[in-house]
Amino acid sequence: MEVLASSALFFVALHLVSAAVQAGGLLGTVPIEEYGLSFQYYQQSCPQFEAVVGRKVKEWIKDYTLAPALMRLHFLDCVVRGSERSAEASKTLRGFEIIDDIKTELEKSCLRTASCVDSLATAARDATVSAGGPYWMVPYGCKDGRVSVAGEADKVPMGHENITSLLQLFQSQGLNVLDLVVLSGAHTIGRRACRPVQSRLYNYKSTGKPDPTRPDPTFDNAYYKNLQRKTGLLSTDQYLYSDSRTGPLMAALATQPNVFNYQFGVSMAKLGNVQVLTGDEGEVRTDCNAGNRY
Ligand code: HEM
Ligand SMILES: *[C@@H]1O[C@H](CO)[C@@H](O)[C@H](O)[C@H]1NC(C)=O
């Protein structure tokens, strides 16, 4: 009976995922114009924006451990605005130097035009593609916050939360249970990702450092498959697998690499549209680490 019930849930979940995908996911419903965003936002004011970001990301992620770092930074920037360097939780965050470098380059050609938020969102997209993940369109025109809200860093999920609080965090940003399950698939890559080849990859010539010459472990749905073998690293990853609200979706994605790949792009695009500041609500920072002082 239990087996029947859980396999029925599995098929319902699978059906829901494929229906969402066939309906063009949620991308079509993101009202970017309403937010004052546009894919052409920098076409006149900073035509080299995408090329600069793309070139810089390519340079930096020769150290392939930086691609996951950028993806995580983007997630936290969107969901908790918690990427202040001083915050306790940000000790495990890397990749700020890439954004600084991109920003310095952009300021040379388009003074105070391209926001840090847009630069990070685009860098995270390019990093995802370079790791073998999907491409998505980033709508431009998001402004940077004027004030850093240091307290918000408390919201950074550390890996021991329960599923109810993770769902609450996501729902407070207009993200749903499918977004939570799909975006967590990003844990398939990164420093702490659990892969059988990890020690080889991450202990180059016994230096404890990653082998810079090895290609990135590919971005795929291995996260879901590994969790079935109970090789997830964070407690939250195991909870996602065992919780009745998320487990069926996790199981469905373990068998559906293409659905995962497609929906990841959709959910990342959706993630980029939370807590959006436009027009006078924000500013274009000249220094991504601090609000402007003028
Ligand atoms: C919602 C629950 C989540 C929790 C509890 C969580 C927690 C964590 C933790 C604790 C780490 C390890 C940090 C370290 O010690 O190096 C990590 C890494 C990572 N997370 Fe998450 N995360 C969550 C969701 C997400 C989402 C939605 C993304 C989507 C982009 C993401 C992308 C990543 C990536 C790519 C890494 C590897 C970073 C690196 O290698 O530097 N995470 N996460
Ligand atoms: C989940 O975590 C929150 C915050 O720590 C806590 O208030 C809540 O009681 C927990 N819920 C369950 C079901 O354990």
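Numbers run from 1 along the shown chain.
Just so it is clear, glycine is given a Cβ too, placed from its N, Cα and C backbone atoms.
These numbers come from a predicted model, not from an experiment.
As annotated by TrEMBL, signal peptide applies to 1-19.
A simple way to gauge crowding: the CB of Cys46 (disulfide bond) has 18 other CB atoms within 10 angstroms, across all the protein chains here. Under the three-state DSSP scheme, Cys46 (disulfide bond) falls in the coil class. Here TrEMBL flags Cys46-Cys110 (among others) as disulfide bond.
Just so you know, the Cβ of Arg72 (site 'Transition state stabilizer') picks up 20 other Cβ atoms within 10 Å once every protein chain is counted. Summarising the annotation, TrEMBL assigns site 'Transition state stabilizer' to Arg72.
Following the DSSP three-state reduction, the secondary structure of Cys116 (disulfide bond) is helix. What TrEMBL records for Cys116-Cys288 (among others) is disulfide bond.
Shown in sequence order, Leu166, Leu169, Thr236 are the residues of the chain, 6+ apart in sequence, with a C-beta less than 8 angstroms from the C-beta of Pro157 (substrate binding site). What TrEMBL lists as substrate binding site is Pro157.
Sequence annotations record features per position, and here TrEMBL assigns heme b binding site to His187. DSSP assigns His187 (heme b binding site) to a helix in the three-state reduction.
In sequence order, Gly132, Thr188, Pro257, Phe260, Asn261 make up the list of same-chain residues 6 or more apart from Asp220 (Ca(2+) 2 binding site) whose Cβ falls under 8 Å from its Cβ. TrEMBL lists Thr188, Asp220 with the feature Ca(2+) 2 binding site.
Shown are the disulfide-bonded residues Cys110, Cys116, Cys288; the one with the most C-beta atoms within 10 angstroms of its own C-beta is Cys116. Among the recorded positions Cys46, Cys116, Pro157, the residues whose Cβ sits under 6 Å from any atom of ligand 1 are Pro157.
Listed in sequence order, the recorded positions near Arg72 (site 'Transition state stabilizer') (C-alpha within 10 Å of its C-alpha) are His187, out of Cys46, Cys110, Cys116, His187, Cys288. Comparing CA positions across the recorded positions Cys46, Cys110, His187, the one lying closest to Cys288 (disulfide bond) turns out to be Cys110. Arg72 (site 'Transition state stabilizer') carries a helical DSSP state (H, G or I).
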